[in-house]
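*Asks:* According to Swiss-Prot, the protein has these features:
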BINDING   Glu42, Glu90  divalent metal cation binding site
TRANSMEM  45-63  transmembrane segment
TRANSMEM  69-89  transmembrane segment
ACT_SITE  Glu83  active site, proton acceptor
TRANSMEM  113-133  transmembrane segment
Amino acid sequence: MDAKNTTSRNGTAAPVHKHRGIRHLFAAASYSFGGAKRLIGEAAFRHELIAFAVAMVAFMIVGANLFQYVAMAILFLLMMAFEAINTAIEEIVDRVSPEISEMGRNAKDLGSFACLCLILANAAYALYVIFLARFLG
């Protein structure tokens, strides 16, 4: 396969259309929104989204400051990015190696572990802000 072609999911080759300038910006945004739409299809992401909403409500109740909201939002954006990467890893492994293999399982487990680390970081920070405000504020 040469640089001008790519293989679609059904195995057929289609030409790659490279956009330039402002059209490239809009195309890139379209791809990003497509990724976000795909990510919303993941149950784990929807659970993380609900947890973020609950944390934001809790932050309002305890009177968190702007810095704490921004830090929580940044942690959540990182978690979204890791969840997207993990989903991409899972899709690639499933496409390349539909049979169960140790390497494929390890790749999926490592991606899942990365997500778990960010979930724990988000939870720890949210609990820190909530309890710090409640007991020291």
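Cβ coordinates come from backbone N, Cα and C, glycine included.
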*Asks:* Tell me the Cβ contacts of Glu90 (divalent metal cation binding site) under 8 Å, same chain only and six or more apart in sequence, or just say none.
*Replies:* Lys108, Gly111
*Asks:* Determine, from DSSP, whether Glu42 (divalent metal cation binding site) sits in helix, strand or coil.
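*Replies:* In three-state terms, Glu42 (divalent metal cation binding site) counts as coil.
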*Asks:* Which whole-number value in Å describes the distance between the Cα atoms of Glu83 (active site, proton acceptor) and Glu42 (divalent metal cation binding site)?
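*Replies:* Cα-Cα distance, Glu83 (active site, proton acceptor) to Glu42 (divalent metal cation binding site): 9 Å.
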*Asks:* For Glu42 (divalent metal cation binding site), which residues in the same chain are close in space, meaning a Cβ under 8 Å from its Cβ, but six or more apart along the sequence?
*Replies:* Glu83, Thr87
